[in-house]
Amino acid sequence: MLFHWLLALRPKTLPASVAPILLGSALAASEGNFSGFIFWLAMICALSLQIAVNFANDLFDAASGVDTAERLGPVRVTQAGLIQPHQLKLGLAGILLLAVLSGLMLAAWVSWWLLPLGLASLLAALAYSGGPKPLASLGLGELLVLIFFGWVAVMGSYYLQSLSLNLEAFIYASLLGVWSASIMLVNNIRDRITDAKAAKRTLAVRLGDTHARRLYQGLLISGLSLHWLANPGLSQLSWLPLLLTSPLVLFLLWAIQRWQSRELNRLLALTALLVLIYALAQSWILAK
């Protein structure tokens, strides 16, 4: 049973919420602003929201018939009967409660003006797969990732520590946002055929296979370009994230042209790894 809940968490996708909190907090720390208490609260809130998205997606896609025996991705616990819907609903309620409590603590500690942003994040987590017009079916999944796992998460965690915003935070937020969006895009490229059958018109369904793969390549390249923009002149240490990530980016650019079907599960995991490697390397440099 514990393993089934681990499957429901979708751990391979979690770097998308860990990385921006690391990077935003490290950027603030580089300016002499850091609170471990705020850092861990923000991390708990971000992870809780992403897990809530994963639980809700599992529930709603099974209920709507999107997840079937034809799916190419990892096992979905509701569709496979590993966890009953009422159990996963309880899990979703619990993780949403954790997100709300951690968010309220952050607002109380920093500023109550953060509440509208927290509410928007909560609604987006549920509206992605749920409701009469799920945002995923409108082709907005990648944009939501850019907004909430890029701009909101990086700039939000930076603001929580420093009580300010700047262009550098926006560039790093955009970098992680486009690379995190590429995780979502790989997922939707893999599921394009089954999603189309279920009338789930993701961005990959709307663009078609060839154009969706080209967009994935464009997102990866834009991420590298944004690193150069954030680090003009590229000091000796600023090369480290590029040295660590460029070989993987080149491999992913090659793989997206060739891998098909279930091979894309590996591509998704590697793209998430790219996000985490970059965030760890750049955070270490900033916090030195």
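Glycine too: its Cβ is placed from the backbone N, Cα and C atoms.
Pulled from TrEMBL, these are the features on record:
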{"type": "TRANSMEM", "residues": "38-56", "note": "transmembrane segment"}
{"type": "TRANSMEM", "residues": "90-107", "note": "transmembrane segment"}
{"type": "TRANSMEM", "residues": "143-163", "note": "transmembrane segment"}
{"type": "TRANSMEM", "residues": "169-190", "note": "transmembrane segment"}
{"type": "TRANSMEM", "residues": "236-255", "note": "transmembrane segment"}
{"type": "TRANSMEM", "residues": "267-287", "note": "transmembrane segment"}
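Against the transmembrane segment (267-287), stretch 236-255 has more CB pairs under 8 A than any other of 38-56, 90-107, 169-190, 236-255.
Packing against the transmembrane segment (90-107) from elsewhere in the chain are residues 5, 8, 38, 41-42, 44-45, 48-49, 51-52, 55-56, 59, 83, 113-115, 118, 121-122, 125, 160: each is 6 or more residues past its ends and has a CB under 8 Å from a CB in it.
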